[in-house]
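Let me begin by presenting the structure, written as structure tokens, before commenting on it.
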Amino acid sequence: MAGLGRDGQGPIVGKLESQIYCIKYTLFCFNVVLWLFGLSIFALCLWICVEPGFNEWMKILELQKYFIGIYIILIGTLGIMVVAFLGCGSALMENIQLLYIYIATQIGLFVFGLIGACVVLDFSTYDSSIQPIIKEVLVRLINNPQHEGSRDILRMVQEGIGCCGADGPMDYLNLNKPLPSECRDSVTGNAYFHGCVDELTWYLEGRTGWLAGIVLASCMICVINAVMSLVLIQAVKKEDDEAITYKN
């Protein structure tokens, strides 16, 4: 019969089948991309968490709060990699119940990822919550020069990243402390202009900028997946209704 869809069905049903085919394989591809993003995020988080030198610095400077957002993202990433398989399966099977569950998980992962990215940025960027913590630790170390451990930590930080004091060389002068040799550039002999608070923050910013960017991109994909799943559900329901109507 002219104008019929596949399997002898009506033209509307045939058109819906083509749309459903396009939507579900697009959704499948987006889930593959989301899984790859999740794998990348997991690898970055794992690298940040287990790198020996970096972890020692964070422990010495009492900056463990920085890892709160990393752990949140790490947990969310595991969910992304598992749920991506659910999305692929529910889309290919056109299972409405599984698609509803998948939409709920995408909303949950979006919220989880957004919280993780916000926490990471709040503890690793300029003018963030991490700066007062760094300043408090450094001022305490500067005020306690007679302690061998304090001198070693300050020397390690100031030499390692090329900085002086918490906010600059004036910290030592204001506290009536001598300017240590590690506060000076070994080539020019001039004191470093920037304080360690800013330098450490920029150092952390460089490590987590890419991570936060990929997480936010994954959140966007979660929204797209949820919308496409909802469209797929409506299309499948409409196809079923049209098929019943055509048969009757």
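Just so it is clear, glycine is given a Cβ too, placed from its N, Cα and C backbone atoms.
Here is what TrEMBL says about this protein:
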TRANSMEM  25-50  transmembrane segment
TRANSMEM  70-92  transmembrane segment
TRANSMEM  99-123  transmembrane segment
DISULFID  Cys163-Cys196  disulfide bond
DISULFID  Cys164-Cys183  disulfide bond
TRANSMEM  210-233  transmembrane segment
Fill in: Nearest-integer angstrom distance between the alpha carbons (Cα) of Cys164 (disulfide bond) and Cys196 (disulfide bond)
6
Item to complete: Identify, in sequence order, the residues in the chain of Cys196 (disulfide bond) that are 6 or more apart from it along the sequence and have a CB within less than 8 Å of its CB; answer 'none' if there are none.
Response: Ile134, Leu138, Val157, Gln158, Ile161, Cys163, Cys164, Gly165, Ala166
Practice prompt. Measure from the Cβ of Cys164 (disulfide bond) and count the other Cβ atoms within 10 Å, all protein chains considered.
Written response: 25
Item to complete: Look at each of the disulfide-bonded residues, Cys163, Cys183, and point out the one with the fewest other Cβ atoms around it within 10 Å.
Response: Cys183
Worksheet entry | Same-chain residue ranges lying at least 6 outside the transmembrane segment (25-50) that approach it to Cβ under 8 Å | 67, 70-71, 73-74, 77-78, 80-81, 84-85, 87-88, 91-92, 207-208, 210-211, 214-215, 217-218, 221-222, 224-225, 228-229, 232
Worksheet item: Who are the long-range neighbours of the transmembrane segment (99-123) in its own chain, taking Cβ under 8 Å and residues 6 or more past its ends?
Response: 65-66, 68-70, 72-73, 75-76, 79-80, 83, 86-87, 90-91, 129-130, 204, 208, 211-212, 215-216, 218-219, 222-223, 225-226, 229-230, 232-233
